[in-house]
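Enquirer: Provided herewith is a single structure, encoded as structure tokens, for subsequent inquiry.
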Amino acid sequence: MFKIGNFTLNSRLLLGTGKFDNEEIQTQAIAAAETEVLTFAVRRMNLYDKDLPNPLAKVDLSKFITFPNTAGAKTAKEAVRIAEIANHAGVCDMIKVEVIGDDETLLPDPLETYEACKVLLEKGYTVCPYISNDVVLAKRLEELGVHAIMPLASPIGTGRGINNPLNLRYIIERVNVPVIVDAGIGSPKDACHAMELGADGILLNTAISSAADPVKMAEAMNKGISAGRLSYEAGRIPVKYTAQASSPTEGIGFL
């Protein structure tokens, strides 16, 4: 169990809702993931026009914490406007601040992200910024007052896993708010690794929705995240450079 602002979460898997082939697979994958939090791009939801398609039409949103994001924003001003659209439509006031600074790599813009977070915090939102694995930026955002830090593992949709585990560990060790690893996770192994490093949770979309069997992958990710967290809490053995027998040698007679 952990908290983001006033929201208490039991599941450490936060699930994105895009890219599923159809609504049936989406619904089954959500169930298999056992998630409590569904995230979505506000621009995809058509919040004010009920005649347009709703990608979550078949999902009972009353059973979940809805977690809108500002995908599509390229400036702080755009991110704030998107967040306010979601809030005025009655969607959860916890917002993932996503401000993209480069169209090719889809890496977040640190300056615009910081400014958007500052404004949204002043307006009373629960703010969770998506950032690169910049340790100093993570600390500055925590000092600003954000409620969680969401560093990428690797660029969005690449499935490359954790490109820089050292920086991710530095972020986890240095901030005192939840760290949700977001973007680049490709397999349950990657998710488990992030959790073993001490992450509080994982936000996933492409790794599940684009898998050959999204429902099975959702289950696998759920178990990988649970295993990684349990391993972190248990404490792994230290890495050594010399062999050490697992059987004791004391008290063994000569043969």
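Using the three backbone atoms N, Cα and C, a Cβ is placed for every residue, glycine included.
Remember, predicted model here, so these are calculated numbers, not experimental data.
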Enquirer: Ala183, Gly184, Asn205, Thr206 bind 1-deoxy-D-xylulose 5-phosphate according to Swiss-Prot; which of Gly124, Gly145, Gly157, Gly235 goes with them?
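Expert: So the 1-deoxy-D-xylulose 5-phosphate site in Swiss-Prot includes Ala183, Gly184, Asn205, Thr206 plus, from the candidates Gly124, Gly145, Gly157, Gly235, Gly157.
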Enquirer: Quick one: which residues besides Gly157, Ala183, Gly184, Asn205, Thr206 have a Cβ within 8 Å of the 1-deoxy-D-xylulose 5-phosphate site's Cβ centroid, in sequence order?
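Expert: My list of surrounding residues reads Gly16, Pro155, Ile156, Thr158, Gly159, Ile185, Leu204, Ala207.
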Enquirer: If one measures from the C-alpha of Asn205 (1-deoxy-D-xylulose 5-phosphate binding site) to the C-alpha of Lys96 (active site, schiff-base intermediate with DXP), what distance in angstrom results, rounded to a whole number?
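Expert: Just about 14 Å between their Cα atoms.
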Enquirer: For the 1-deoxy-D-xylulose 5-phosphate binding site, please report the maximum Cα-Cα distance among Gly157, Ala183, Gly184, Asn205, Thr206 in Å.
Expert: 10
